[in-house]
Amino acid sequence: MSAIHKISILGKESIHCGFNLIPHISNTLLTTLPSSTYVLITDTNIAPLYLQPFIDQFTSDLSNVPTAPRFITHIVPPGETTKSREGKAEIEDFLLSQKCTRDTVILALGGGVIGDLVGFVAATFMRGVRFVQIPTSLLAMVDSSVGGKTAIDTPLGKNLIGAFHQPEYIFIDAAFLATLPKRELANGLAEVIKTAAIWDEDAFALLESSTATLLDSLDSLHPSASHTTSTTAFGLSHPLLSLIISSITTKSTIVTYDPREAHLRNLVNFGHTLGHAIEAFLTPYLLHGECISVGMILEAELARMYGPETGLGQVGVGRLRRCVEGYGLPTSLTHPMVLRAQSQSLAAGGEKMTLPSLLAKMAIDKKNSSSRLKKVVLLSRIGKVHELRATGVPDEEIAKVLCAGVRVVAGTPGGYVRPALPEPLRELPGVEGPVPPQMVYPPSTAPSAAPSPANGVPHITLSTPGSKSISNRALVLAALSGGTVKLKNLLHSDDTQVMMAALEGLKAASFEWTDNGETLVVTGNGGNLSLPPAGTELYLGNAGTAARFLTTVCTLVPPPPPSAQSHPTVITGNARMRQRPIAPLVSALTTAGAQIRYLGTEGCLPLAIAPTGLPGGTLELDASISSQYVSSILLCAPYAAADTTLVLTGPAVISQLYIDMTIALMRDFGVHVTRGVDPTTGLEAPNVYHIPRGTYTPPSTGEFTIESDASSATYPLAIAAATGTSCTLSSIGSSSLQGDARFAVDVLRPLGCTVVQTPTSTTVTGPPRGRLCALGGERELDMEPMTDAFLTAAVLGAVATRGGAGEEETEGGKGNTMRIRGIANQRVKECNRIQAMMDQLAKFGIKTTELPDGLEIHGRPLSSLKNGASIHCYDDHRVAMAFSVLATVVDGTIIEEKRCVEKTWPNWWDDLENKLGIKVIGVDIPTAPTAVHSSPVKRPTASASQTPSVLLIGMRGSGKSHIGLLASQSLSLPLLDIDAHFSSVHPPSLRAYVQTHGWPAFRAAETALLLQVLSSHKTGWVISLGGGIVETPEAREALVRFGKEGGTVVWVQREMEEIERVLEGEGERPAYGESVRSVFERREPWFEQCANYEFGNYTKGVGSTEGGLDGEIGRFFGHVSGTTRNLVPRGQGRSYFLSLTYPDIVPALPSIPELSIGVDALELRVDLLSEPGSSSPIPSHAYVSHQVSALRRVTSLPVVFTVRTVSQGGAFPDTATAEAVSLLKLALRLGVEYIDVETTLPPALIKEVVSAKGHSQIIASFHDWSGTLRWDTPSMSGHYAVAAQYGDIVKLISKATTFADNFTLQSFVAKHTSAPGSKPLIAINMGVQGQLSRVLNKCFTPVTHPLLPSKAAPGQLSFVEIQQALHLSGLLPAKQFYLFGTPIAHSMSPTLHNTAFTTLGLPHTYSLLETSSVGDEIKEAIKRDDFGGASVTIPFKLDVMPLLDALSPAAHKIGAVNTILPLAGGKLYGDNTDYLGIAASIRTRVPALGAPSAALVIGAGGTARAAIYALQTIGTKHVYVFNRTAAKAEALASAFDGGSGARVAAVGELGAWDVAPSVIVSTVPADATTLVQSSSSSSAVYLPPTLFDTSLKGVVIDMAYKPSRTPLLALAEDAAPGWARVRGVEVLLEQGYVQFEKWTGRRCPRETVRERVLEKYDASA
């Protein structure tokens, strides 16, 4: 047992902290809390780990007590479901059964659930008994166990019934944390970060400095030895225990001052107001601490928003964010962990997080006193809060941090002032005497009045964020100086943070923030550096600038005295930093005499740098890779042992501007660098520098202002220009070395602005609003020196007119034109910025013209610009800030991705309001809707910009390029082929590069390009990588890291024989120099290591259906990327999966469509597979992969992957645990949707599978084949609780011995599915007696089929048998469906739907109801109780609308209803499935088409409207409309043109288009078209042979039902045989399939229905 640290709470030292406290707990309780009975309550998770040591210790100690009291234990199921009225009653019944009395002492051993539940039992049992908290999770230790709050959950919410009941003791034993998973440890650290942020800055600093080590700090404490009585693993100084003690001390102090949560106790809810709201949506997929982490950052951003009142600036928010991220916790609503949890929640039937729903959740927070204000804890700095309670903040302000977008309210700078916060509480009522310093506030001062504008023109003065390049250099200069300097406008970033920490570690300087983080006071030590303590490392994260500068700084450490122990300084970084090159710098330093060793990969960090001092003299440095190497030596050279001459070598010196910047800054600190002189010519030698020895001295003023980032400075200056106001930037002027500093003079002055620029400041005054002067067609802006600023110039060009007259440009004129050149590189930035500006300016009505190296903008008067544009920012900070400039003069402009500004100006939107006085409103950006049922047309559930990029790896010849193309089309993401990209970066070709430079140089260049691409293309791309990308360790590490950080890396596999065949004739790439098979054998383990998914592009033995591979590509990549997860919708009726029992799937592939009729998924019983040629009962990975791939080619249904062991009723060996888990992990890599995981597997292995599940779901299953485990026992509830911990779906199987067992099962289901957040439950009794349970089960009922070789379990029924049983039992009443219209006697619809009903065993009927009008007969039909739905055809598609209660968006836009659906409450809903039939016909016939570039619609009636709508939904860029009556075509085009959909335009003749259509849809009768060209006035439309572009693989659809071969289809067959042809009856089928599914919730049996309908159609045709 270790030393004990005791903490006082409410006047009593009742909190005891330490390691291995079980002996102390027993002794303390027996001596200070005498009782007749001690009851320890824990759960089934904790009991196996820690219960026995407690029993042993208490038994031993009680043996010495004369009249020994009882020590009894009770184990309950784990998880939130136990924390209920029923769970509380079960414990109370146990206590009563054990004859416990009022002197009983209850011990709560477990996490927060056990503490809350047992504490509430103690509060009410016998009207209150004593209890003790022994928390085992970090979250419980620092939060729920302290303070006396106890509670249980109810169906209406968490913790709504409870009491304050203080424990007698709280024992904090940190040894319990040794078995806590890392994610749970980080989960608890969120609460530690919280208390440090509000109260203890020293603890926060410890958290900041421990991010690299804290989560692993208990690894050496082996669980088996974690609770011995003889050894002490750690002491009280252990950093984790120190932080726990600090956190508990903070909370106990707060609780002591406010035991009943009247005011001060609000503070421990920092991050909880918003975090709890998030948790309400995302639990259990996101843990409490993870939700609170997001809440803390959002609430800190709120405090920053109120910065003028709270005092919190970006430095505080930045420190908090970096600390939270350092422990792997999420920090935003768009963090991959949050997006993944939201996706999982939605797939489970959860509610989507929206702004109104989040605010609604916050409204029921117990802290709130009104619905208008939400109580939020606002920081004033790290370690202190704005007031001694939570502050009321209006919803409008909270919306700004919650919303993905913002709307900028057009106005005059300075015209908006944010309403003030309520008067703060800074003295607690009734508190006398000294209080902690955290509760002491200085006297408040009245805010100074804003100066009156001069000459009536509002004038804003501000500083923009500091330059990153100058910030890092200034930190080194100030730290090495011999004095104190105040750095102002320092950029707050990860780079500067790690730079400061490292300089402090070297004792180079001390740092102190003042002015609420606006000023950094640096006290330099004159270059006198010291060795960090032995064994420590300087951790630099991914700060490349810091790593390069500090490499040379560390050489300045002098050797220690001979009597002292010497050791090197070790600098390291994260995985990415350990790949970035540093060899040229190390080589130059070691050649000059420094002693530096690589501790890892040669040429990269980590480095061990000996304390030798920098020798000086002549140094040669290759400066062709990075100018930072040059700056590193320049900055440190004054402290060398001798004057230094630096000679730059290499092909060319890169980024000379930054070298000049370094020299200029050194001059500011008193050291003058001179250029060398060429002795032969006497001229200056450009690449030779002389640096004298010396000591940096601070500027005479004692202050140094970091120059503003010049690119960011363009935005406030441009706002002044656009709004006719004045703006002064106080930290950037004519002396700047940044190219963008010329923006004011070179761009704004020619536009008519008055510019006054001093060396250190810039003032811009714009002309009157709307009077910016266009440059005209003759003048150009060469923006090559300031390319990033072109976006700012472009938005000003949009409102600039000739002479500033504010008039429209004449037709063909160039007076309002701004022509920008020299910006070609902007096409390859965060996005194609030139294209982005063209697309987004078009939303304002601005026309643009793209130039080879620039852009031409045609300005318009302000009054003519379109208001309310919604700007897509492509996750590009420059796009967002540029359009916020335009938004100040064009009202209603929405910036969709506000957070992308965090890259350079995190508080831009705050500054826009607080400093520039422009109002900003939060806007909830809607995402694409999720389909109600499985649909032929799938919509993405995440925007492209948020989708982590998809990387394809694999052998050359495996099909990566083809699959990448189809994947990019399916995901609507751009494709980047890295080999082609390499050739563009290193022309002329990849092959030439290898021939010239060799393979090693190519691999190095390829790896460097990969690292660059992974940084710039993290999201929103499909990237096909070269086959050999895995050859270098650096590339492999980067790929593994990308996958772990949420990216998708797919290994594309193919038969080796097929790869060899493909490569035989391939000559564009360089030869391997060895056999293809040898190359593969070397790379195979690397492919497996780097990929988190595998895609089988097999060509043999996988079956074949039309579009099978293309469809599987869409399914696979949509699922693994999370954009369109292929899961069964929850909460929409019963679901079923078919258990396939074949030993080999391949022979059964032709039968899969028939077998899968009616079911929602297919179960692949891997344990039943029998691999040909193998006697092993365990199939190989290769065989299983091939089986999955084969199945995928014939069905898009989700797959349930099951490895059932013998003891659980399967065939897999019970002893092959590792092999079973290996197969489950393989299933996840194959993108299988559902993984059946037996809960009898070892918990650690289950957690491995669960943690890797990605977008798949876990079915946690338990099977009792004995039939002895009853449904009404605690044991079965325990199995449910265990399964609910791991699974997205719980599966419990028992065996019925009597018919009554089915009713007991139903009671169990009702109980466990009624709680909020309960998991879907599969609960079934096996055997004939249990067949009723299969009928009644609602979720994923396993079914069989007569064609299967055997049933997977006794008593299994077919899908049809279950439907029949449901009907007979009254649970599936017969419904009547109709077709309304006239004439309809020959309709195919009755055949279609009645065939489907019969095939599925459904009791419904579809009949014709032909009437002359929408009259009483139809009205009576739709009011009948058995009305199931109706189809509507001509002429009633419009007439039926008044009878309906609501219309779908499609029906509303198309203006017609063809489907009626009854809703709950007797409501009727009108929809249109015609467009879905058209869209599906396109997608299924030519899946590779993606988003068509252009399409043609012939006709202008109602069906044409559906066709245009369909084309817009699949992303068509241009739609042409042709009709005999041109006016109708133009009216139709006008109705659909505009918005964010396809551009729709009427064409006067066929063929009159710029882009040839790849889709043609005719909506006119067949006899209205002809293939015969006639000069007569025939009314038929002539279809010319040139109608089809034969170079395209397109699709043509003729909506006419008859004849079967229309003129259009005949022309396509003859003139364009490569085009797919779709008859009208086939579109009818496609829309009918969708219609059927909308009515019944079941997939239509397509093959059977299609065969029957076409048989009847062809007979009649």
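Placed from the backbone N, Cα and C atoms, the Cβ positions cover glycine too.
All annotation found in TrEMBL is predicted automatically rather than curated by experts.
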Range among 105-126, 1491-1512 that TrEMBL annotates as transmembrane segment:
105-126
Tally of residues which DSSP labels helix, strand or coil - the domain 'SDH C-terminal' (1624-1654):
26 helix, 0 strand, 5 coil
Sequence-remote contacts (6 or more beyond its ends) of the domain 'SDH C-terminal' (1624-1654), Cβ cut-off under 8 Å?
932-936, 1132-1133, 1153-1154, 1157-1158, 1160, 1377, 1388-1389, 1391-1393, 1395-1396, 1399-1400, 1402, 1404, 1428-1429, 1431, 1458-1459, 1461, 1471, 1473-1474, 1476-1478, 1480-1481, 1484, 1597-1602, 1604
With DSSP as the reference, give the number of residues of the domain '3-dehydroquinate synthase N-terminal' (75-186) in helix, strand and coil.
50 helix, 33 strand, 29 coil
Residues that sit under 8 angstroms from Cys900 (active site, for EPSP synthase activity) by C-beta distance, when 6+ apart in the chain:
Cys873, Asp875, Asp876, His877, Val879, Ala880
Distance [Cα-Cα, Å, rounded] between Ser958 (ATP binding site) and Lys83 (NAD(+) binding site):
53
I need the nearest neighbour of Lys83 (NAD(+) binding site) among the binding-site residues Ile193, Val268, Gly957, Ser961, using C-alpha distances.
Val268
Considering only the binding-site residues Val268, Gly954, Gly957, Gly959, which fall within 10 Å of Glu191 (Zn(2+) binding site) when distances are taken between Cα atoms?
Val268
Measuring Cα to Cα, how many Å separate Leu177 (NAD(+) binding site) from Arg265 (7-phospho-2-dehydro-3-deoxy-D-arabino-heptonate binding site)?
27
Give the residue from the binding-site residues Gly954, Gly957, Gly959 that has the most other Cβ atoms within 10 Å of its Cβ, counting over every protein chain displayed.
Gly954
Using only C-alpha positions, which one of His272, His288, Gly954, Ser961 is spatially nearest Ser137 (NAD(+) binding site)? These are the binding-site residues in the record.
His288
Looking only at the region 'Shikimate dehydrogenase' (1374-1661), report the model's average pLDDT.
91
Residues satisfying Cβ distance under 8 Å from Asp43 (NAD(+) binding site), sequence separation of at least 6:
Ile75, Val76, Pro77, Pro78, Gly79, Thr82, Gly110, Val113, Ile114
Between C-alpha atoms, which of these binding-site residues comes nearest to Arg956 (ATP binding site): Glu80, Arg127, Ile193, His272?
Ile193
Using Cβ atoms only, which residues of the same chain lie under 8 Å from Asn187 (NAD(+) binding site) while being at least 6 residues apart in sequence?
Ser137, Leu138, Leu139, Leu287, His288, Gly289, Glu290
